[in-house]
Amino acid sequence: MVAKALNNKRSLLVCGLLLAAGIAVATVAEPPKAGLAEADQRPALASAQGQHAAVLDVAAAGKRLVAVGERGLIMLSDDQGQSWKQAQVPVSVSLTSVSFVDDQFGWAAGHYGMVLATRDGGQHWEVQLDGSRAARLVLDDVRSRADGSSDQRLLRAVGNAQRLVEDGPDKPFLDIYFSDRQNGLVVGAYGLIFATTDGGISWKPLNSQIDNPGERHLYSIASADHQLWLAGEEGLLFRADQQQPLQFERLSTPYDGSFFTVSAAAGRVVVAGLRGNAFESTDNGTNWETLSVPSEASIIASEVGSQGELLLVNQAGQLLSANAGQYDLQNLGNQPVMAPSSMVRLADGGLLLGSLQGLSRINSAALKGAATASAAGH
Amino acid sequence: MHTSDNNLDLAPVSLDQFDRNSGNLLERLLFNNRLAIIVICVLVTIGLGWQASQLRLNANYEKTIPTSHPYIANFLEHRDELRGLGNAVRIAVENPKGSLYDATYMDTLRQISDEVFLLPGVDRAGMKSLWTPNVRWIGVTEEGLEGGPVIPDGYDGSADSLAQLEANVARSGEIGQLVALDGKATIIYVPLLSQLPDGTTLDYEVLSKQLEDIRAKYEAAGQVSIHVTGFAKIMGDLIHGLYEVLTFFVISILIVTTIVYLYTRCVISTKLVVTSSLIAVVWQLGLISALGYNLDPYSMLVPFLVFAIGMSHGAQKMNGIMQDIGRGAHKYVAARYTFRRLFMAGLTALLADAVGFAVLLVIDIRVIQELAIAASLGVGVLIFTNLILLPILLSYTGVSAKAAKRSLRKEKSEARAPLWNFLDLFTRRGPAMVAIGLAVVIAGAGYMGSKQLKIGDLDPGAPELRQDSAYNRDVAFMTEHFGASSDVFAVMVETAGNGGCANYEALRRVDALEWQLRQLPGVVSTNSLAMLNRQVLTGLNEGNPKWFELIKNQSMLNFVTASAPRGLYNDACDLLTLYVYLADHKADTLTAVVNKVEEFAAANNTADIQFKLAAGSAGIEAATNIVVKDAWRDMLFMVYGAVVLLCFITFRSWRAVIVAILPLMLTSVLAEALMVMLGMGVKVATLPVIALGVGIGVDYALYILSVTLSRMEQGESLSDAYQHALAFTGKVVLMTGLTLAAGVSTWVFSIIKFQADMGVLLAFMFLWNMVGAMVLLPALGHFLLQGKVRKPGAGTPQVVVNNPAAAAPVVATRKAAAAQ
């Protein structure tokens, strides 16, 4: 609708100019044509080449695998990634993240501030939140807080939120996580963070409740043992406990570069990111051990297994693993996958990797050294 | 067209009995001033020979582009702005024994890189190899970006520096670009200047030679193997091919000469016929040089045709003179008689050929038009050299007496030759039905086969060269190791108005089209400023792939555009180029891309943003295919129209026209089926073949049918008339078919693929037309001509003689009959 309104405005302007120039509009004006809808209003194109398109996240929905990626691409596999079929998606924006709570209910997030939801195991998707609405939610939120206040910080926040609305939907969500069919969290660029307690019908901005004054990107959400972890730029790491859900406490970390991924399981939390920096805590984030990583390539995805074993994938496409209690990661020496983005475990212990080049599978034999199945971290 | 029979009834006389003032004005003018004519011809030959020596070989196939097609017009309009399609050579240096992270390999690569750097015509600032300082790695740090040349500081070939090199390469983004996917080869990317610093244009032949020298030098050392691709290399190989074809010409001369000698068994006159045919070639080359044309891979084939046609006409002249001499005429008298009998007929036949070639002029592709002009000129020149000069020369030399006697003797026995008897069977009902039935079956099968006929070039690699040529093997290497497609289809996007080429409205349309195109089966990958935006946004966000999107943020788009390589947009920022890399250049692939872009443009073009087809090798080929497809149909209509008209003027009978045309049509259908069998598509090179094949092919029917008809008009049965026609013209038809086929068959060995294709097709058409004329013509005659030929009425000429082959034996046999 926004795009249409803009187009109408423009054609009015054109008409005005033509009239001013004394040209007969009737003979010059083109008949209105549908034109190209914006990416956030254009259904995703059916793609025959989906498996070779850019895949930005992969997840499991029960026994089904779901991959999301560029231009609204969502693909489903019921045979552990051997064959894929494309879902119906109402938008063509790049989808950066997908999360399922069971084999039916799932959510996907992406660019243009987009959140999509499915209730049929990923076959059909509907828009729950878009960037324009998200920006207005932030503005309403800070306005209600700043109402009558003279706090400079709040007034500045109102100004920032106004700019957010004016910018339009140019900011992506980077990760989404739902703990059950009601409760979910989505984070993104410039510190965007929204929570829902009604399955995504309404979203509440948390920006003003989180200690991220620099509005740094939030890249990754992890959950374990009733705790939520958030990681982002400039060494940002937050934790929220079950007792005070969505009350994120900022933790200090030994690194001030970007964290792209955080994973937690079996009492072990791992954050990793730029230039192969990776750290582990076994005491809820109070103390951190530096993991020794044999490559300077940035780490893009991570997984802590149920036994505490660790698997990382870096941008050089290398798989790095360590058993529980080990701090030296070993290169598994797999054939590197170009520009990987994400990974998920297969039922047989193998791995499905998403990358800018598409999907690839690594069988379990190639992963010896890394322990077996568990949920993948984001 | 009609020549009175009485003209030809010439008694063989000795020189003193001969009336020098007999014959028409032209004959008297020529033969009473023989020396002057020879002197003039010598002078013309010297002049045109000098001109011909100025001819340049030019392999530039830009002339094969249909310049008036709107796609090509768009391309030509933006040509200078399409930098990404610039002229560059890629040299892949492979380590066949291992990886590129090897001290010896790297050292060899440096030497090659340095040597290439110094070649004239290389745009040194743009040249890239692992050893040039412009190939850098980039890494993201907490503070921002860091980077440096991929060759590490203090590189010494040690294991450490090689490991550092490998790490740098991994971070350089050059894997799949300069570095092979399997790490066994790297590319030296060599952009070329169109003009050398001294103002001369780059000589591809020289450059290609220099590259070959480098290849030979370093491959000889055994450390590396080298693969070179690029427009300049294709040009170099084509020019090399042209030189080779020049040697084929010599072979063709030998073959054709042998055939003519076997036919005449007279050394003197064979020499004269060869000489006069060669003079025709010299004149033809001199004339096209004088007209300012170069010798290109197409016009290069004209001398072969001119020579072969000249030889067959010359042999007929010789035959006439030989028979007159054999009957006792003086050589001078024999030459004049022959001239008197054959000049008009020969003139008609040659003019008909010339008209057939001239039909090609309507095809809007320059190289074919130049071929048409060259071929028409060549045939025109034959009128002077082989219809005028040759009889004059023969009037001095005569023929060997033995050969003359032999020709008479052979002729008498020929009427009983077993082959002729066999062919005569087809004038009867049974065999005629079998022949026609067989022809219908073959035609049906051929037609079914020909339905598979595709438009365009079908093989991978550079279509100008053979698939197994060194060049196309190098292309295959590049495709396999670098994932690079040699078939690039470029869409031009004109972006007027605010923001120009960086405008979100323009970029999002390009982005959407790109994604649509990538769904087509033949599309391997795409590239554009929109794609670059996605990649750079990822890079700016510390390489995190989640930023792979064209975001709706104009200042970000402007920022990215400012640092983008110029190949993706032009200096004025009002033109974007969308590159579509294809798996092949088959017509189906190209058509799918063209249709998709047209459909998208129709729906999404705005006043400011216009999607325009088409540039790049595949884009130009797509436009050429469209033109060729139309031209193929037009060509068939026009050539057959011309031939039908010619036959009708000659025979004045639609039945005879059908008899003459149907065998030709069978040949055309079979030629198409043959193209399918040989995996050959309809392309620029096959267009002239159809015109030449049909235009020259009809000559056989003209030879045989004119004698048959004139005999039938005199009351003979079809069988008798056909027997006579074979006796008079059979050998000439056989010889013509063989000389023409032999003349073009050497092309089959050309390294230039389309020349080889043309050779195969033409040889097939020349031979099959001959068979068709000898077998189908009597069979069709049985049903169409038997009893239908009107007896000559008042005022109509008694005998229709319109070609040299028919004329000569008619006379000869009548003489023989009178003598009995």
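Along the chain as shown, residues are numbered 1 onward.
Placed from the backbone N, Cα and C atoms, the Cβ positions cover glycine too.
Just so you know, TrEMBL annotations never went through curation; they're auto-generated.
The transmembrane segment annotation in TrEMBL falls on one of the ranges B:298-315, B:568-585, namely B:298-315.
Taking every listed stretch (B:241-263, B:371-399, B:631-649, B:726-752, B:758-785) in turn, the largest tally of C-beta pairs under 8 A with the transmembrane segment (B:272-292) is reached by B:371-399. For the transmembrane segment (B:371-399), the list of distant contacts is 30-31, 34, 37-38, 41, 264, 266, 268-269, 272-273, 275-277, 279-281, 283-284, 287-288, 291, 293, 298-299, 301-303, 305-306, 309-310, 313-314, 317-318, 321-322, 325, 331-332, 334-336, 338-339, 342-343, 346-347, 350-351, 353-354, 357-361, 688, 692: same-chain residues at least six beyond its ends, Cβ to Cβ under 8 Å. Counting Cβ pairs closer than 8 Å to the transmembrane segment (B:342-365), the top stretch among B:241-263, B:298-315, B:631-649, B:684-705, B:726-752 is B:684-705. Note on the transmembrane segment (B:432-450): residues 426, 663, 665-666, 669-670, 672-673, 675-677, 775-776, 778-780, 782-783 of its chain, located 6 or more positions outside it, place their CB under 8 angstroms from a CB of the stretch.
Packing against the transmembrane segment (B:35-53) from elsewhere in the chain are residues 279, 282-283, 285-287, 289-290, 384-385, 388-389, 392-393: each is 6 or more residues past its ends and has a CB under 8 Å from a CB in it. Below 8 angstroms of C-beta separation, residues 301, 423-424, 426-429, 431-433, 435-436, 439, 655-656, 658-660, 662-664, 666-667, 670-671, 674-675, 678, 680, 685-686, 688-689, 692-694, 696-698, 700-701, 703-705, 708-709, 712, 718, 722, 726, 730, 733-734, 736-737, 740-741, 744-748, 750 of the same chain, each at least six residues beyond the ends of the transmembrane segment (B:758-785), sit close to that stretch. The stretch from B:298-315, B:631-649, B:656-678, B:684-705 that makes the most Cβ contacts under 8 Å with the transmembrane segment (B:726-752) is B:298-315. With a cut-off of 8 Å between Cβ atoms, the residues of this chain six or more beyond the transmembrane segment (B:631-649) that come close are 1, 352, 355-356, 359-360, 362-365, 455, 656-657, 660-661, 664-665, 668, 682, 686-687, 690-691, 694-695, 698, 701-702.
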